[in-house]
Amino acid sequence: MNMDQLKRQAAARALEEVRDGMQLGLGTGSTAKHFVELLGERVRAGLKIIGVPTSEATRDDAMRCGVPLTTLDEIDHLDITVDGADEIDPALNLIKGGGGALLREKIVAAASDRMIVIADDTKWVPTLGRFPLPVEVIPFGLGATRRAIEKAFAECGVSGQMAVRKTKDGHVFVTDGGHWIVDAQLGRIVDPPGLAKALSTIPGVVEHGLFIGLASSAVLAGGEGIRVIERREPKGD
Ligand SMILES: O=C[C@H](O)[C@H](O)[C@H](O)COP(=O)(O)O
């Protein structure tokens, strides 16, 4: 089974949790796209749900698949968000933002009763950090923000090269919110909750890709089948 088939299997397993009448957060990326497509099939067969997309790309996919959409201004909570991840550790801490959607993804996940992470099992790691950590920043004063980020890294026992994300054609990548992303090659993040807190205090940092205490479960698809890992502590701890 190839990677794409594994991603679709994980998406199909998460879909089993969806019930009539639910309000759903719709993640971004190649794995979440499978979920949106499968959800669209169920909607066309009569399932009544409504979704909040976490990016313009997901909005386009959902509309194409016939998934009805709303916003967090029109509804007061979400039942489940289903989203992919770049890395997942045994405490269900995540690195997200490889596709640049981390800010909306975090807002939507935080507004959800449950977040189900779907992935192929190569995303499962003992320690976060092999995948570059995305940090979404305001372009104004970027030099000062970078220095503050470096200081936060040092205080949290990590270091590594940082680079402003570029598109394939060499232009600066701009997020749906109009911000830039700095990707940090940290290798091994020893204290993800500590680093998350430190980054959140920096004025020029809009958001970062560490998702701490947000995932309720992870559905991992691999060559030997599907593994569902449930979070033990309540959401937010
Ligand atoms: O910004 C993008 C998101 O955080 C994605 O969910 C993450 O990068 C995983 O994407 P994929 O399922 O394509 O590996």
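For all residues, glycine too, the Cβ spot is worked out from N, Cα and C.
As recorded in TrEMBL, the features of this protein are as follows:
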type     : residues                                                                                   : note
BINDING  : THR28, GLY29, SER30, THR31, ASP83, GLY84, ALA85, ASP86, LYS96, GLY97, GLY98, GLY99, LYS123 : substrate binding site
ACT_SITE : GLU105                                                                                     : active site, proton acceptor
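Feature map: TrEMBL annotations on the structure.
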residue : record                       : DSSP (3 states)
THR28   : substrate binding site       : coil
ASP83   : substrate binding site       : strand
LYS96   : substrate binding site       : coil
GLU105  : active site, proton acceptor : helix
LYS123  : substrate binding site       : helix
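Checking the binding-site residues LYS96, GLY98, LYS123 against ligand 1 with a 6 Å cutoff on the Cβ atom leaves LYS96, GLY98, in sequence order. Highlighted in sequence order, GLY27, ALA32, ALA101, GLU105, ALA119 have their Cβ within 8 Å of the centre of the Cβ atoms of THR28, GLY29, SER30, THR31, ASP83, GLY84, ALA85, ASP86, LYS96, GLY97, GLY98, GLY99, LYS123, the residues recorded for substrate, and are not part of that set. Looking at the residues that bind substrate per the record, THR28, GLY29, SER30, THR31, ASP83, GLY84, ALA85, ASP86, LYS96, GLY97, GLY98, GLY99, LYS123, the two CA atoms farthest apart are separated by 15 Å. Annotation: LYS96 carries the greatest number of neighbouring Cβ atoms among the binding-site residues LYS96, LYS123 [cut-off 10 Å, Cβ to Cβ].
Cα of GLU105 (active site, proton acceptor) to Cα of THR28 (substrate binding site): a distance of 8 Å.
Neighbours of ALA85 (substrate binding site), defined as other CB atoms within 10 A of its CB across all chains, total 29.
In the shown protein chains, 32 other C-beta atoms lie within 10 A of the C-beta of GLU105 (active site, proton acceptor). Close to SER30 (substrate binding site) in the fold, though at least 6 residues off in sequence, lie ASP4, LYS7, GLY84, each with a CB less than 8 Å from its CB. Candidate binding-site residues: THR28, ASP83, GLY98. Fewest other C-beta atoms within 10 angstroms, GLY98.
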